[in-house]
Amino acid sequence: LVLELNQVIMPTYGTVPEQQNLHTPEWVDFDDKPDSLFFKDEQRRIDFVLVYEDESKKITHKRSDRKKQKRKRQVYESNLINNGLQLEATRSVLDEKLIFVKVHAPWEVLCTYAEVMHIKLPLQHNDLKTRDSAFNWFSRLFRVDENIIKPEQEFFTAPFQKEHLSNFYIQDKDTFFNPATRSRIVHFILSRVEYATKKNVKKFGINKLLDTGIYKAAFPLHDSSSRHLSTDPSCPSERYLLYREWAHPKNIFKLQPLDFIRKYYGEKIGIYFAWLGFYTNMLTVAAVVGVGCFLYGCLTKDNCTWSQEVCDPNIGGNIIMCPQCDKVCTYWNLTITCESSKKLCIFDSFGTLVFAVFMGIWVTFFLEFWKRRQAELEYEWDTVEYLEQEEQVRPEYEARCTHVVMNEITQQEEYVPYTAWGKCVRMTFCTSAIFFWILLIIASVVGIIVYRLSVFLVFSATLSQHISGTEAIRKYLTPQTATSVTASLISFVVIMILNIIYEKVAILITDFELPRTQTDYENSLTTKMFLFQFVNYYSSCFYIAFFKGKFVGHPGRPVYWLGKYRNEECDPGGCLLELTTQLAIIVGGKAIWNNIQEVLLPLVKNLIGRHSAAARSEKVVPRWEHDYHLQPIGKLGLFYEYLEMVIQFGFVTLFVASFPLAPLLALINNMLEIRLDAWKLTTQFRRMVPQKAQDIGAWQPILQGIAILAVVTNAMIIAFTSDMIPRLVYYWSFSVPPYGSHSSHTMKGYINSTLSIFNISDFKNASKPSSPWFGNQTTCRQVYRDLRYPPGHQHQYEHNIYYWHVIAAKLAFIIVMEHVIYFVKFIISYVIPDVSQKTKSKVKREKYLTQKLLHENDLKGVKKNMGKIVNKIIKGEDSTFQPKDE
């Protein structure tokens, strides 16, 4: 590939001398055809548009700087013409300072670079018969009308070669290369043409010129308005069709026209929407099961024996709970938690266990079936064995290439930006910076914990909880509930603020790291951003699920944070309900915030731009000027869209045992997300440069890692956060002799047996409540189920036999659940092949046909030439083979 690039590109490289005349674009006036996609001659198609500000009219730069910029631009445009591209310049209709340079690639240039880039093009129609699925009639109800967006014809394809031009399916040279392919080829050239040489280092590429402000924009054209059909009858108005049949809210329940999206925007955009659509469809199954488990909890909550005991005035009403903080807090009645115990019964039920196991298996089906779907798209979109062209070195990397090293492969000297020692220093610094910022995120979580501990004292003093109180509001607004809700809201706000900060930090660290290519840059940034986001979003949930209420000691010997704040305790039913609240606020709030942000920001920016442009002129505006006033897509493209969905995938899988409605919220969000992303692309952003993509890249192993971790987290949530295991141990072992007094297995007496007893005379002065003790009782109960021996026992306040049975059951449950789910995941992965037999047949058929068509003619030619030579030898007509005379 490097040799091919040298043969095609390098002959035209080199800085044009000052005294040599430069090739310049052809200047024309706008012809008042707003939807035209061609040069003024209406023959040559516009494949790309470059925008710059007339240097003579700039007022923000020194004259010498303007002159240098103009020279670089002129050299660049001259070299573009030397490379075979054709340029036409037109002054802006709305702003006379702006110049639009339209770029056209002739047939010869397209053929040359299609071969260099190994672009696959059609050979002949696909002759493999496809069998309709049994559900084809059903899916047809949700498809786009084929009379509006016609299905793409299927072809067998092969990497383009000019010498085999006659073998390719060419009906019309103007349409053989579709607009997306033409734009990709032109961008390939734009990224590799030189504009200056400094210290024997060549400066080249449109990206560097955009970064330095020499050009203001570079983009391919949309083919029409998103609101109406093009006035040009020959234009297919694909953008309008995409908006009407894909991006419009009326299509929210329709399937996406993926082939049409790929045709217009390229494979990289297509694979994102294919993945997002597939993920959303799979969420439908998870959402249905999750809602079923939620309804099961709602229907069975009235049969929840332990909740009935909490609410029973003769049982819970007689249980006095110990204070939850020092001095300020007072004794309180267990019945205050009646309402929260009823809510907890909804989420902490047998359905939770079933749903956790189901989701562990569901995520495996999702990933395995996505691999099959991805393999189908790789074939259909010609990315099977896709040979990635040599990536351009990033301008930032190339600009710092000052050190000379020997290339081990070519044994030639080449320039690099740093030595081996310098690279080691950079990597050490970047790694240290990453850990520092992660620790900073953890520090923010600790700050939220300190807030919880300190504000609980305030709420405990404000929301007085004397056991004689009967106010109705206390049923719903307990100190625990108030603390949990406010802390979750503050946590959400902190998370969103830190996201903005850490996004910039991750980019700064990656820039300092100086990756060589854009792919290296995106992979490095992906790792850092996901690591930051993982800690930022999930740390508070991990704290509530696995740390809160686990290390609190007992009323006589509480554990303190920072030597001052008494550690948090869970409700009598555990921390599961608080984890559910945290998840609901973060998942729901994040979805609402992101969607508002994605809609409002580009919309407001475009409205401001259009308003200011309309205020200056009522003239007819060309298509390229309309597109210029749209928002640029950004260097990272779909990075943030993927990141948003992968973080959501983590919420749906990692903590789903505590919140079975998470898949439903994700499903609703994704149905809107698909249309919002489509709306942004078709109406608010410039057309992206089409790019090839074989898969979803670095996000695939991240999803697989989350899927593996999800099994562990859900098993631990059920074991340590929910109250399911202690209830099962009590039901099967401690409700009947020898430990219990009931004649048969029952949940009666569970509350009384699991709340440990504490003698109020054992309170230390530092933690003894200042409020007076009402009644003649001498003991109170611990809020959390710590399962300790009562006062007066020879091992008082030490863990009892029930505690160790529960610990053993929890560990056994985790091991069994993990191994069962991992075994099922392994079986599923083994049984479901990554590539279907149908796709394998298509790939083999295409390889066979390619070999036959591309080499058969060569063999015929060789045979024909060999036959002539043999005939000449036999007939003695070739003097070359006659013996010399002695």
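Numbers here mean position along the shown chain, with the first residue as 1.
Each residue, glycine too, has its Cβ placed from N, Cα and C.
Summarising the annotation, TrEMBL assigns domain 'Anoctamin dimerisation' to 38-258. Residues or ranges marked as domain 'Anoctamin transmembrane' in TrEMBL: 261-846. TrEMBL lists 272-297, 350-370, 434-461, 481-502, 645-668, 702-721, 811-832 with the feature transmembrane segment.
Relative to the transmembrane segment (350-370), the listed stretch 272-297 leads the set 272-297, 434-461, 481-502, 645-668 in CB pairs under 8 A. Tertiary neighbourhood of the transmembrane segment (702-721): same-chain residues 352-353, 356, 359-360, 363-364, 367, 526, 530, 544-546, 550, 574-576, 579, 646, 649-650, 653-658, 810-811, 813-814, 817-818, 821-822, 825, selected by CB-CB distance under 8 Å and a gap of 6+ residues from either end. Between the transmembrane segment (272-297) and the transmembrane segment (645-668) there are 3 or more Cβ pairs closer than 8 Å, counting only residues 6 or more apart in sequence, so the two stretches are in contact. Within the chain, the transmembrane segment (434-461) has long-range Cβ neighbours (under 8 A, six or more residues past its boundaries) at 324-325, 328-330, 479-480, 482-483, 486-487, 490-491, 494, 498, 502, 505, 509, 528, 531-532, 535-536, 539-540, 543, 561-562, 565-568. With a threshold of 8 Å between CB atoms, the same-chain residues lying at least 6 positions outside the transmembrane segment (811-832) that come near it are 356-357, 360-361, 364-365, 368-369, 372, 711-712, 715-716, 718-719, 725. Note on the domain 'Anoctamin dimerisation' (38-258): its mean pLDDT in the predicted model is 85.
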